[in-house]
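Undergrad: Have a look at this one.
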Ligand code: THU
């Protein structure tokens, strides 16, 4: 499941295979599998020479667009950008500041369980609703899912 071949070209922004007609409806198993596969595919583009932990994220926006991203590390470790953050940055550049995320699939190529880190949860929260669904690798090769309300029930909010 987590061993898809590398993509032929740098197609980190892909047009949607998913319908935008029901932006709040639950995803079908086929839609989830498609989003997950795109996260696996883009993980092959990761730049992770320090951790060797290659991560991919595929966002499904409420307008039906899918945008993907991978982690990009740096010799100064703390400058690393996570896959989820890369994808969100690309999505804003592509569709503007009004984007809303319907669902996110996260994958890694190490065939291990991994949830979005705390920083990514805060980043995702900025463009999510409480119902935004995150799919991530769980124990035994299965895919777990959680809403943003579950993953980050007390996000930082800037109240000026
Ligand atoms: N990483 C992500 O891309 N997303 C996460 O949510 C957790 C961690 C990356 C950062 C780093 O390049 C590698 O995984 C190991 O921490």
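Placed from the backbone N, Cα and C atoms, the Cβ positions cover glycine too.
This is the feature table in TrEMBL:
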type     : residues                   : note
ACT_SITE : 84                         : active site, proton donor
BINDING  : 71, 72, 73, 74, 75, 76, 77 : substrate binding site
BINDING  : 82, 117, 120               : Zn(2+) binding site
DOMAIN   : 30-159                     : domain 'CMP/dCMP-type deaminase'
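Help me picture where these features are in the structure shown.
TA: Summarising the environment of residue 84 (active site, proton donor), the number of other Cβ atoms within 10 Å of its Cβ, over all protein chains shown, is 29.
Taken residue by residue with DSSP, residue 77 (substrate binding site) is part of a helix. There are 9 other Cβ atoms within 10 Å of the Cβ belonging to residue 77 (substrate binding site).
In sequence order, 82 are the residues near residue 117 (Zn(2+) binding site), counting only same-chain partners six or more apart with C-beta under 8 A.
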Undergrad: If we count other C-beta atoms within 10 Å, could you say which of the binding-site residues 72, 75, 82, 120 has the fewest?
TA: 75
Undergrad: Could you tell me which of these binding-site residues, 71, 76, has the fewest other Cβ atoms within 10 Å of its Cβ?
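TA: Output over binding-site residues 71, 76: least Cβ neighbours within 10 Å is 76.
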Undergrad: Using a 10 Å radius around each Cβ and counting other Cβ atoms from all shown chains, which of the binding-site residues 73, 74 yields the largest count?
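TA: Counting Cβ neighbours within 10 Å, the top one is 73.
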Undergrad: About how far apart, in whole Å, are the alpha carbons (Cα) of residue 84 (active site, proton donor) and residue 120 (Zn(2+) binding site)?
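TA: The separation of the Cα atoms works out to 6 Å.
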Undergrad: If one measures from the C-alpha of residue 75 (substrate binding site) to the C-alpha of residue 120 (Zn(2+) binding site), what distance in angstrom results, rounded to a whole number?
TA: 20
Undergrad: Under 6 Å from ligand 1 by Cβ, which binding-site residues from 71, 77, 82, 120?
TA: 71, 82, 120
